[in-house]
Amino acid sequence: MYEWKLNEIVDSGVCARCGTCTIVCPNGILTFDERPKLIDECLRKGHGMCFEVCPRVSSAKYQIKIREKFYEKYYYAKSDIEGQDGGVVTAFLKYLLENGKIDGAIVVGDECWKPVSLVVQNAEDLLKTAKSKYAISTLDALRKAGEMGLEKVAVVGLPCQINGLRKLQYFPYHAKHDLELGRNGKPVKLPKIEYLIGLFCTEKFRYDNMKEVLSKHGIDIEKVEKFDIKKGKLLVYVNGEKKEFDLKEFEICSGCKMCRDFDAEMADVSVGCVGSPDGYSTIIIRTEKGEEIKNAVELKEGVNLEEIEKLRQLKLKRFKKEVERRRENNEYVSFYWTADYGGIGKRADGTYFIRVRAKPGGWYKPEEIKEILDIAEEYNAKIKVTDRAGYELHGISGFDVEDIVLRLREKGLLTGSEGPLVRATLACPGGGNCSSGLVDTTELARIIEDNFKERPAPYKFKIAISGCPNGCVRPQVHDIGIAGVKYPKVNEEKCNGCGRCAEVCKVEAIDIRGETSYTNYNVCVGCGKCIKNCPNEAREVKEEGYLVYVGGKTGREVVEGVKMKLMSVDEIINFIDKVLVVYGKYAEKPQRERLAAVMKRVGYGKFLEEVKELMKKEIC
């Protein structure tokens, strides 16, 4: 047996048997026969892409969800194509093929009902695969499609397979690097997955076990015409007759007990029979690409949502029961579902931390702090205050992460601000709290949070607001930095040259000549102290507002941001939005290139000019 990092997942029975790991290995040394297996020595011992796409290592759902912006629209339909429960999936794939949306479809065919992964490129071959198989299947055909030179495909898969393929689509965002290179210096060749079509699934069965059980009842699996699952029964159609079997007679894949996804939550469109009339399929549209199914079949409203929710809860109940069983028996659990939520990270000691996204300006209500303290005491956790005024609970068991996250939500405390997204806005106390504050930093932080909270970005994206040019929160070295400023002018009729303004000016930008004070605007930083301290009200406001910096950073390299002109609140929101758009356009290496690096590579002038043009279009 070769050393392989995924052995713990596979051998412990946590493996979903989705087959995603086998298709991404650039060296082709993984095979799949109802479970993945390493057939040759791996130079990195499995510390690579096979591990990083595994949906049982981490779901990566949160990072995927904020990028796909999933929603749910429920319909039911049937087509004029003979297939499982109305042939909806077949009809959709037929539409995509005939309209050039895809070059091929990755579907499951069968050899005597043993699932076989197939590449289908025409409607005629598609019809031959139009019935459900309930045994463990693979995704081998996706790799074959790449070798055939196909560029765009749709994939039909079970919830676990959809999860693995979504992780493949967004690989750099959660793995923090590009695809693994093989011994030939190249990554695996795969087509672009344009559409993910998910199938409802409660469990899947071992093929050999299905064959054996049916044989005991005098049924030759080779003569079965159709399988279906309804109300806890496996329906087997042979010679025009329907026979029912209790699902408990069949051995389900052990990893299915660790699954909590009934309806393929990360698919573009999910399809199944639950919740719709006989002969129809329920359709859940989740993305804009999923909306295209409307061009293939006529959709009807009126899905029985209670039936779907019942199956969701049954699967979740089974999952929780299995997790608890493993906990009691000290068996391996991967805690893959903790990645369903933002702000969760694994510590060096194997426990977890939960980051509470900082409230706007770092201001908390007493009851919010009390809740954090109560949780820390109850779960024996340590508390860390982050440099962005957030709270982290450390030393949390993986078994408790989800319960704590949901409990925090009930108190209005959002977990997040971790990964390639807009982090919590850092702000000093600001005007009304600090004697030097010129602007209300808390209100501006709230507006920014309302517009950009957890917005996805190529890499972490940090914003800081300082109430004055003192810059105690270092706005110059943030992706976006904002500082309140107030520049003075002199009312010569009121000025008597007393010199008080020059005394309070920390940058020595003021000279007194006779009975008048003069400001050197090349030195003045706009702190407004001279205006505030003039006993004769001779210092007035020449210009005030928000000074903005863009493209700063700290870390391995310190970069000071480019200073922009003064902006209003509306202009700041427009500016941040367009900076994120242009950043996303030019970033080539997700999780590797901060905004500063992209601006430098593209050219500061070109980058900012494009931002300005987009801002103008917004205004128009």
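Cβ atoms are placed via backbone N, Cα and C, with glycine included.
From a predicted model like this one, the values you see are computed outputs, not experimental measurements.
Positions annotated as [4Fe-4S] cluster 1 binding site by Swiss-Prot: Cys15, Cys18, Cys21, Cys25. The C-beta environment of Cys18 ([4Fe-4S] cluster 1 binding site), restricted to residues of the same chain at least 6 apart in sequence and closer than 8 Å, consists of Pro55, Leu139, Gly157, Leu158, Cys160, Gln161, Asn163, Gly164. DSSP classifies Cys18 ([4Fe-4S] cluster 1 binding site) as coil under the three-state reduction.
According to Swiss-Prot, the feature [4Fe-4S] cluster 2 binding site maps to Cys428, Cys434, Cys468, Cys472. Classification of Cys472 ([4Fe-4S] cluster 2 binding site) by DSSP places it in coil, neither helical nor stranded.
In sequence order, Cys428, Ser466 are the residues of the chain that are 6 or more apart from Cys472 ([4Fe-4S] cluster 2 binding site) and have a CB within less than 8 Å of its CB. Residues annotated as siroheme binding site in Swiss-Prot, with similarity to another entry given as evidence: Cys472.
Summarising the annotation, Swiss-Prot assigns [4Fe-4S] cluster 3 binding site to Cys495, Cys498, Cys501, Cys505 and lists sequence analysis as the type of evidence. The local packing around Cys505 ([4Fe-4S] cluster 3 binding site), expressed as other Cβ atoms within 10 Å of its Cβ over all shown chains, amounts to 22.
Within 10 Å of the C-beta of Cys530 ([4Fe-4S] cluster 4 binding site) we count 24 further C-beta atoms, all protein chains included. Marked as [4Fe-4S] cluster 4 binding site by Swiss-Prot: Cys524, Cys527, Cys530, Cys534.
Sequence annotations record features per position, and here Swiss-Prot assigns domain '4Fe-4S ferredoxin-type 1' to 6-35 based on sequence analysis. Remote same-chain partners of the domain '4Fe-4S ferredoxin-type 1' (6-35), defined as residues 6 or more beyond its termini with a Cβ less than 8 Å from a stretch Cβ, comprise 41-42, 46, 48-51, 53-57, 117, 136-140, 142-143, 157-158, 160-161, 163-165, 167-168, 179-184, 186-188, 190, 204, 206-208, 253-256, 258-259, 331-334.
Annotation comment: Swiss-Prot describes 486-515 as domain '4Fe-4S ferredoxin-type 2', evidence class sequence analysis. Mean pLDDT across the domain '4Fe-4S ferredoxin-type 2' (486-515) comes to 95 in this model.
Proximity of distant same-chain residues to the domain '4Fe-4S ferredoxin-type 3' (520-544), defined by a Cβ-Cβ separation under 8 Å and at least 6 residues beyond the stretch ends, is recorded for 436, 438, 468-470, 484-492, 494-496, 498, 500-502, 504-511, 566. Taken from Swiss-Prot, the feature domain '4Fe-4S ferredoxin-type 3' covers 520-544, and the record attributes it to sequence analysis.
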Spatial separation of Cys524 ([4Fe-4S] cluster 4 binding site) from Cys505 ([4Fe-4S] cluster 3 binding site) - C-alpha basis, Å: 9
Neighbouring binding-site residues, C-alpha within 10 angstroms of Cys501 ([4Fe-4S] cluster 3 binding site) - of Cys15, Cys524, Cys530, Cys534: Cys530, Cys534
Euclidean distance between Cα atoms of Cys434 ([4Fe-4S] cluster 2 binding site) and Cys495 ([4Fe-4S] cluster 3 binding site), Å: 28
Nearest of the binding-site residues (Cys498, Cys530, Cys534) to Cys25 ([4Fe-4S] cluster 1 binding site), judged by Cα-Cα distance: Cys530
Shell of the [4Fe-4S] cluster 4 site beyond Cys524, Cys527, Cys530, Cys534, same chain only (C-beta within 8 angstroms of their C-beta centre): Lys486, Pro488, Cys501, Val504, Cys505, Ala509, Ile510, Thr519, Gly528, Lys529, Ile531, Lys532, Asn533, Arg539
Where Cys530 ([4Fe-4S] cluster 4 binding site) sits in the secondary structure, as DSSP reduces it to three classes: helix
Distance check against Cys527 ([4Fe-4S] cluster 4 binding site) for the binding-site residues Cys15, Cys434, Cys468, keeping those with Cα within 10 Å: Cys468
